Amino acid sequence: MKAAVKRRNESRWAGWLFVLPAAAFYVMFVIQPLVMTVQYSLYKWDGIGVATWTGVANYLRVFTDPDLFAAILNAVKLIVFFSAVPVVLGLAIAATIRRIAATRLALVARTVIFLPQVIPLVAAGITWSWLLSSTGLVNQLLTAIGLEKITRAWLGDFSTALPAVGVIGAWVLLGLCTLLLLAGMSKIDPALYEAARLDGAGAFREFFSITLPSLRQEIGVCVTVTVVAALASFDIVYISTQGGPGNASMVPGLEIYYLAFSERQVGLASALAVILTVLVIACALPIQWLTRDRES
Amino acid sequence: MKIARREAWTGRVLLLVLMAATLMPFLSLLVTALHPSGSYPLGLEWPDDPQWGNFATAFTAARMTELLKSSVLIVLGVVPISLVVATMAGFAIGHLRIPGRRFVFLAFALGLTLPFEGIITPLYYLVRDMGVLNTRWAIILPLIGLFMPFSVFWMRAHFVNMPEELSESARIDGAGTWQLFWRVHVPLAAPATSSLAILLFLWTWNQFLLAIVLVDDPLQRTMSGALGAFQGQWGTDIPLLCAGSLLILTPTLTVFLIFQRRFVTALLQGSLKG
């Protein structure tokens, strides 16, 4: 008996050997660079010469330099497009197609609306740069419906560059949100809907009293994924606008890249990186916590 | 009954609109790719004389064969190692219930939403000091680490649900932990590992930031990183750029269409768990 317990305990500790390789990769390529980022952020360094200690000066600069702070604000603005639009629209679409979710058309649609999730964001960026260009499809459609006056090079215009980037993000994320929410809706007990119908509830009532409350977890996932995508956006912006015109669509991810690898301001880039990381975690954790099932 | 039918029709129309909105960009890409190279076509306009040869030109210009080889090599580096390492860790945390598993699990969970931009700067210096900058290892090794939180999370979720009795009976038959893992648990974990493999393949293939920062030569990058370079080089020749983009998309699209069911399920579960 005693021997058996001892053997069990031994094997429990031996289990650590199974975690070791994973931990090694994680520590080496995630934790270590994370610590290094924090360290870099406290120095002024051009990446080559001697680094000089500057304390929190880099952080102060991120918050006081209007260009740098604008990048953070832009990322927050992108949440509207990357997150609010796909989640709200996804809810509306999923609620409408819920009843026909098992038909052949819906199965085909499932594959089709998933395409943007599969292709590289870079490809989405290139495609949409062309669609939104002055001779692109978007302007062609606007002209066709008599809105010629508002046509423009959407990604090259100071006032529309950021929203245009947002539209690309919304296109990419809408399918994912719709399908996630639809999958959530299929788990709701149909008896609930029947009961509501018998009580004379309309489609809206049904949506707000049954569908929405049951989707808490799925909505939480959609919001987390899309908010992180907005705050940490890089690929789409890099391809479609490079942050321009001027600084109109600059985001922190791209600014870090420019600062660290073109302007050789490694310390400043790292301070921005720390702020971005904290911002992402600060947004993701509460959403997760608020929408988790209480029992799990 | 009447209401249900009206709802079904609205649903169908909505689905068609949604599909059109998703496919329209691809269609525009295709139509534009068929215009004469170097011309400035208008939005969606079928060319008088479709230039199917543009695809051949783009194939050579983008050096597709080499790109494919490079991406495949990177995927072959990332996916198998990640799978083995993450399955072992998931097994230990989820099933062996090693002491301190809560802490280990939390430590990994911390990395789940970490933006890659947050650590890209030190990664550059780290990879440089390892002497692998500008080689495919510069993408492979960090990606294994960066995907580790999700992979461990995913495999743990599988192993927590495996019944304890399974291991008990194997142990009574005299199996050690190592044999228990390989003979009993790895085969049973196939559905979880294969879905994880799909996700890791996709994320590696589409990885852009690491590719452009850590590798200069587009031919040593992932497909996605190469596409970025292709845009820089051919950005002014819109038909050729469109043809090239479509070509670069083809491998992913093919794999997706073959395994579509698994893909959709894996990605949906993936976001639910992550």
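Glycine residues also receive a Cβ, built from the backbone N, Cα and C atoms like all the rest.
TrEMBL labels come from automatic prediction, so no person has curated them.
These come from TrEMBL:
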DOMAIN    B:68-259  domain 'ABC transmembrane type-1'
TRANSMEM  B:12-34  transmembrane segment
TRANSMEM  B:72-96  transmembrane segment
TRANSMEM  B:103-125  transmembrane segment
TRANSMEM  B:137-159  transmembrane segment
TRANSMEM  B:180-205  transmembrane segment
TRANSMEM  B:238-259  transmembrane segment
Between the transmembrane segment (B:12-34) and the transmembrane segment (B:238-259), do 3 or more CB pairs sit under 8 angstroms, pairs being 6 or more residues apart?
yes
Contact call for the transmembrane segment (B:180-205) against the transmembrane segment (B:12-34), three or more Cβ pairs under 8 Å:
no
Which of B:12-34, B:103-125, B:137-159 contacts the transmembrane segment (B:72-96) most, counting Cβ pairs under 8 Å:
B:137-159
State the residues, same chain only, that lie 6 or more residues beyond the ends of the transmembrane segment (B:103-125) and have a CB under 8 A from a CB inside it; answer 'none' if no residue qualifies.
89, 93, 133, 142, 146, 148-150, 152-153, 156, 209-210, 213-214, 274
For the transmembrane segment (B:137-159), distant same-chain residues with Cβ under 8 A (at least six beyond the ends):
74, 77-78, 81-83, 85-87, 89-91, 93-95, 105, 108-112, 114, 116, 123, 126-127, 130, 185, 189, 192-193, 195-196, 199-200, 203-204, 207, 210-211, 214-215, 221-222, 270, 273-274
Distant-in-sequence neighbours of the transmembrane segment (B:12-34), which means Cβ under 8 A and at least six residues beyond its ends:
41, 43-47, 50-52, 54-55, 58, 238-240, 242-243, 245-246
